[in-house]
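In what follows, a structure is listed as structure tokens, so that the remarks can point back to it.
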Amino acid sequence: MDQITTARPIADGSGKPRLNVLLAGPRGFCAGVDRAIKIVEEAIRRYGAPVYVRHEIVHNRFVVESLERQGAIFVEELDEVPDDAPVVFSAHGVPKAVPAEASRRKLFYLDATCPLVSKVHREAEHHFARGRHILLIGHAGHPEVVGTMGQLPDGAVTLVEDEEHARSVPVPDGMPLAFITQTTLSVDDTAGIVAALRERFPGVHAPAKEDICYATTNRQAAVKAIAPRAALMVVVGAPNSSNSLRLVEVAERAGCPKAVMVQRGRDLDLSLATGLGTIGITAGASAPEVLVEEVLARLRERFDVAIEEVVVAEERITFKLPAGLNA
Ligand code: SF4
């Protein structure tokens, strides 16, 4: 769609210096995060507290703490979950060994893996069934990467982390190859890595449809649209959130002189915006809008803030809750 800008000028007559804020649209929660949070809330409502959640349901402390207040208990591994409590798997996906172990222990579990991550899992299985070795483009140690690699036996998937790695990573002799990607990568970096793989392995099989999800793509496009006009980009997100980290990088590469990540409004150092005419604000896919409002409130402590929302894409996608939690 064409870029839409909506100006919401605020003149507070306070004598504070004027600060123009470009709000990236879309920003914040995606459909997969929204669904994962609803699964935990609905599980608490139906089955009562506590409901255990394996790993942060989404990478955001504010969200995790608000679910803790409702009765969620976050753990890193299944052996921390008692036999008689429900457990939810996070939006990032889990290795197959995790639901297998939950079934062995007869735990009641709900899988909040984003359907777009599950799609990548099914692609990996599809390639494996056809005898292909899989190259997974992603970040080592990220839970989504751990979950995707864990769909298949050890050795079936090789992780490719960057362009240089794509040019040198050893692959098994004589096997056809396919690549898949993490859903929250930089669109531009991934294009470079894919180009390097195609150059080295011209027959490599590609995903039928992009693995980087719509939410990642749209949030990066929105940041690119405002970055050249902003002297500072504030990314509301968490340091362990892949898509939030990518927004910081995308902003700087798209021409914004400085980009900072903040988790809460109070984290923003107001002196960074002093003397600037225009700044940008966005939020990672796991950051709720209330945190963007906190940042705006923080800015209003020192500035007369005028907001212009720049929307590059409308998102209407929603995901159903798992069977049993609907209705
Ligand atoms: S960022 Fe994309 S893949 Fe991850 S939860 Fe959101 S929609 Fe799903």
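Any Cβ shown, glycine's included, is placed from N, Cα and C.
Residues or ranges marked as [4Fe-4S] cluster binding site in TrEMBL: CYS30, CYS114, CYS213. The annotation isopentenyl diphosphate binding site is assigned in TrEMBL to HIS59, HIS92, HIS142, SER241, SER242, ASN243, SER286. TrEMBL lists HIS59, HIS92, HIS142, THR183, SER241, SER242, ASN243, SER286 with the feature (2E)-4-hydroxy-3-methylbut-2-enyl diphosphate binding site. Look at TrEMBL and you will find HIS59, HIS92, HIS142, SER241, SER242, ASN243, SER286 tagged as dimethylallyl diphosphate binding site. Per TrEMBL, active site, proton donor is recorded for GLU144.
Here SER286 (isopentenyl diphosphate binding site) is compared against the recorded positions CYS30, CYS114, GLU144, CYS213, and the shortest C-alpha distance is to CYS30.
Under the three-state DSSP scheme, the residue listed as 'active site, proton donor' falls in the helix class. Neighbour density for SER241 (isopentenyl diphosphate binding site): within 10 A of its CB lie 25 other CB atoms from the protein chains shown.
In the three-state DSSP classification, SER242 (isopentenyl diphosphate binding site) falls within a helix. Cβ packing within 10 Å was compared across the binding-site residues HIS59, HIS92, HIS142, and the lowest neighbour count falls to HIS142. As a whole number, the greatest separation of Cα atoms within the (2E)-4-hydroxy-3-methylbut-2-enyl diphosphate-binding residue list HIS59, HIS92, HIS142, THR183, SER241, SER242, ASN243, SER286 is 15 Å.
CYS114 ([4Fe-4S] cluster binding site) has its Cα within 10 Å of the Cα of these binding-site residues: HIS92, taken from HIS59, HIS92, HIS142, SER241, SER242, ASN243.
Each residue contributes its Cα atom, and for CYS30 ([4Fe-4S] cluster binding site) and THR183 ((2E)-4-hydroxy-3-methylbut-2-enyl diphosphate binding site) those atoms are 12 Å apart. A separation of roughly 5 Å, to the nearest angstrom, links the Cα atoms of GLU144 (active site, proton donor) and HIS92 (isopentenyl diphosphate binding site). Taking a C-beta cut-off of under 8 angstroms and a sequence separation of 6 or more, THR183 ((2E)-4-hydroxy-3-methylbut-2-enyl diphosphate binding site) has the following same-chain neighbours: CYS114, LEU116, VAL117, VAL120, GLU144, ASP211, ILE212, CYS213, THR216.
By the rule that a residue counts when its Cβ sits under 6 Å from some atom of ligand 1, the binding-site residues HIS59, CYS213, SER241 yield CYS213. A simple way to gauge crowding: the CB of CYS30 ([4Fe-4S] cluster binding site) has 28 other CB atoms within 10 angstroms, across all the protein chains here. Listed in sequence order, THR184, ALA215, THR216, ARG219, GLY237, GLY284, ALA285, SER286 are the same-chain residues at least 6 apart in sequence whose CB falls under 8 Å from the CB of ASN243 (isopentenyl diphosphate binding site). Apart from CYS30, CYS114, CYS213, the residues listed for [4Fe-4S] cluster, the same chain places the Cβ atoms of ALA31, GLY32, VAL33, ALA91, LEU116, VAL117, THR183, THR184, TYR214, ALA215, THR216, ALA285 within 8 Å of the centroid of those Cβ atoms.
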